[in-house]
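> Got a structure for you, written out below as structure tokens; questions coming shortly.
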Amino acid sequence: MDYISTRGRAPELPFDEVVLTGLAADGGLYVPRRYPTVDHKEIAAFAGRPYAETAETLIAPFTEGLPRDLLHQAARGAYATFSHAAVAPLTQIGDNLFVLELFHGPTLAFKDLAMQLLGRLMDALLETRGLRATIVGATSGDTGAAAIEAFRGRANVDVFILYPDGRVSDVQRRQMTTVADANVHAIALDGSFDDAQTLLKGLFRDESFRRGVGLAGVNSINWARVVAQMVYYFTSAVTLGSPHRKISFAVPTGNFGDVLAGYVAKRMGLPVERLIVATNENDILARALATGRYEPRGVTPTQSPSMDIQLSSNFERLLFDAIGRDSGSVVQAFEALDRDGAFEIPPGALRAVREDFDALAVNEAETQAEIARTYRDSGYVIDPHTATGVRAARAQLEKSPGTPVVALSTAHPAKFPDAIERAIGLRIEPPPRLAPVLEGKERIARMKRDSETVKRFILEHARAARVGAGA
Ligand SMILES: *Cc1c(COP(=O)(O)O)cnc(C)c1O
């Protein structure tokens, strides 16, 4: 299975290269040449299987060229770090309304599901090549923690995480800054997540820097993350009777990686009725679906910081498909975005997107009200990100009460205790897993949002730069 860039000007690469590369050299994102499919009999056979086994089966066709044993070991190791036997269990909170708990991993957010696998795949791939890599990631909060947890102490990798100073929760920040391993570096940048992501994309476009440090990416622009996230759409749907009935999913969305994974599951053959994009007040996706105009505005900080994003990178992958995989049109759209600050989604592509997706923007007051309502109705505490998904799921159930809706719970409420306390007047007890994070000493490198400053810091600290090797 070869991978092609959405912008059509980067070399085609096999899976292992795509994993190590992240962003394509032409600024595009890698996508598989075609989507492998599973039939209904194969889907039905996932019932009752361990999560790691289903993951391996579903991911294998995307990883042609990768030794199967490597994938097998990585999947087993990754999902053994979860504190729930089901890895991603479902909880029912209303008629046909389910919450998919994706927060049982080491950092209590859904990012672990992909990152634990990616960390193992990357380290093993580097080991077999005798290479070192430098991972630089931008985070709106949870990706950084998950990446640091997945890569800390690994022999072949140094990790640098850029986060927007003052715009992540205390728990999120401490998860990144209290890790003592020498290969971990948390960098606080002034500005928003979008600023950090733009700076990161610039690093990837700097060919000599990229080579010099063996730059590798772990943001959801890395295809391996999308493909790992596709798995829980299957496992949850099968629990609810798939493939014999359709399921809808409501997904708290920022960078569009998670909900894109739902789309990939559907393209692979999972019977999905609707994919509902839930946003907070940073509603570019809801506006784009409603009007056809993709137009970022300034980022508004909210109580769901991991969704405080206006430039949803992975939307490019959906656009590429919706536009008939015409990379020329994708390039034009993103040139217009750079030039004019917006682009129009071509009418045919917009129709195609609407065939699979709905979107709902949930404001701050509605988010608080949803946390309170869910607690009142079912005694179940949801975090503010999850609340946007549950709210969107309820709206979908009003339209289509006969189809089960799964709201993805992307973070444990203990990561956002202040927002929970405001909504229901209860202080959430931190789970034991958080103790070292809440007590540890913080280590932070504060920096201006200037790519030369960031590059210098990375060059000084990356082991790959010293030996001059690169991936
Ligand atoms: C990352 C994140 C999201 C958004 O996911 P995307 O894949 O970026 O759309 C939502 N909720 C939480 C808690 C997150 O960490």
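Glycine too: its Cβ is placed from the backbone N, Cα and C atoms.
Per TrEMBL, domain 'Threonine synthase N-terminal' is recorded for 3-79. The feature domain 'Tryptophan synthase beta chain-like PALP' is assigned by TrEMBL to 92-332. Taken from TrEMBL, the feature N6-(pyridoxal phosphate)lysine applies to LYS111.
Could you tell me the structural context for the features on the list?
When DSSP labels each residue, the domain 'Threonine synthase N-terminal' (3-79) comes out as 37 helix, 8 strand, 32 coil, counted as helix, strand and coil in that order.
All protein chains considered, the CB of LYS111 (N6-(pyridoxal phosphate)lysine) has 32 other CB atoms within 10 Å.
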> Restricting to the domain 'Threonine synthase N-terminal' (3-79), report the mean pLDDT as a whole number.
95
